[in-house]
Amino acid sequence: MSLQTTTQQIFSCAFGYAPTHTVQAPGRVNLIGEHTDYNDGFVLPCAIDYQTVIACAKRSDRQVRTIAVDYDNQQDIFSLDEPIERHPQQLWSDYVRGVVKYLQQRAADLGGVDMVISGNVPQGAGLSSSASLEVAVGSVFRQLYQLPLSSADIALNGQQAENQFVGCHCGIMDQMISALGEKNSAMLLDCRTLDTRAVPMPSDIAVVIINTNFKRNLVGSEYNTRRQQCEAGARFFGQSSLRDVELAEFAEREHELDPLVAKRVRHVLTENARTLEAANVLARGDLARLAVLMAESHASMRDDFEITVPAVDMLVDIVKTSLGERGGVRMTGGGFGGCVVALMPRERVASVKAAVEQHYQAESGLKETFYVCTASAGAGLC
């Protein structure tokens, strides 16, 4: 049964009437551009065909009533006329409440809503299940109450909810691609200006995501350390962010920098350049050049930014050996585990999957999870 049918049926059973709208917002994978977002740089994500779906309808009062199908149909009810606080037990409720809290500050004409939520974005895999939920909830209120908000506003609202209400620090990429993605396209996002450009993806290219299932444990503390090192690098060059540092200037003064900071700066500067080139290369279907750029990105994350782990490097090598020049592969996400992303002709998917099944578990002791995705549309009615 589809998510759409499931949420609609549970809505009718639980609330005693049929939903008027069903909304979806997708998860995402970042094809290239890692740890560039908080340095005001460039990223190249695409939305994927895993999403959060919400069956919904207006209420005549000021209550927001929500059922989370994936959490044993837990319910949450709160009022728009009272201060919106965190839920004492249910973390999923905080994402809903946070989105609604900041929507109220952006648009006065909100009213009550009934919602039933379900999703199939894998949680904990770095595919942005939380951003998908935030954008879906924002889109519900925007649709039902015709709020004068853009898709970018919905994305920024979701980021604010996650940062300030839930308390998880995140950049803007995840919400922007979930809100603004286009079918069969990636999106080049300038994280400083929030300007976007759709990058058409050749129809015969598959987006393959493979979860290493390596348990990440350093990601929080190491993320903060990398961020501080990047800020130190920007200060050294007298800039507010590494976005404004030129590679030539870095090359001239690299020897003056702390060696570790220099490695971090080199990654960000070269990754920005790779991301801009990758957008052009992808649009013209040059998989051979894309493979080189993705390989350089992974090597930079491994050697200069030092955020990969042996299981990730092993999986990348297995896929790379199987693909040759017929596609690219790299780690994606914050690092220290998580997923790798590969772009390849659809006819190569089966042989890559077979190679991974043959070698990865035998060499790492871990069993991968394999997702074959399509670049999908951002949030909207379904």
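Backbone N, Cα and C atoms are what each Cβ position is placed from, and that goes for glycine too.
Swiss-Prot names GLU34, HIS35, THR36, ASP37 as substrate ligands; from the candidate set TYR145, TYR223, TYR360, the record adds TYR223 to that same site.
Put simply, ARG28 is the one of the recorded positions ARG28, GLU34, ALA125, GLU162, TYR223 whose Cα lies nearest to the Cα of ASP174 (active site, proton acceptor). Candidate recorded positions: ARG28, THR36, TYR223. Nearest to SER130 (ATP binding site) by Cα distance: ARG28. Highest local Cβ density among the binding-site residues GLY124, GLY126 belongs to GLY126, counted as other Cβ atoms within 10 Å over all protein chains shown. Cβ contacts within 10 Å of HIS35 (substrate binding site), excluding its own Cβ and spanning all protein chains shown: 24. In the three-state DSSP scheme, TYR223 (substrate binding site) is classed as helix. Put simply, GLY126 is the one of the binding-site residues GLY124, GLY126, GLU162 whose Cα lies nearest to the Cα of GLU34 (substrate binding site).
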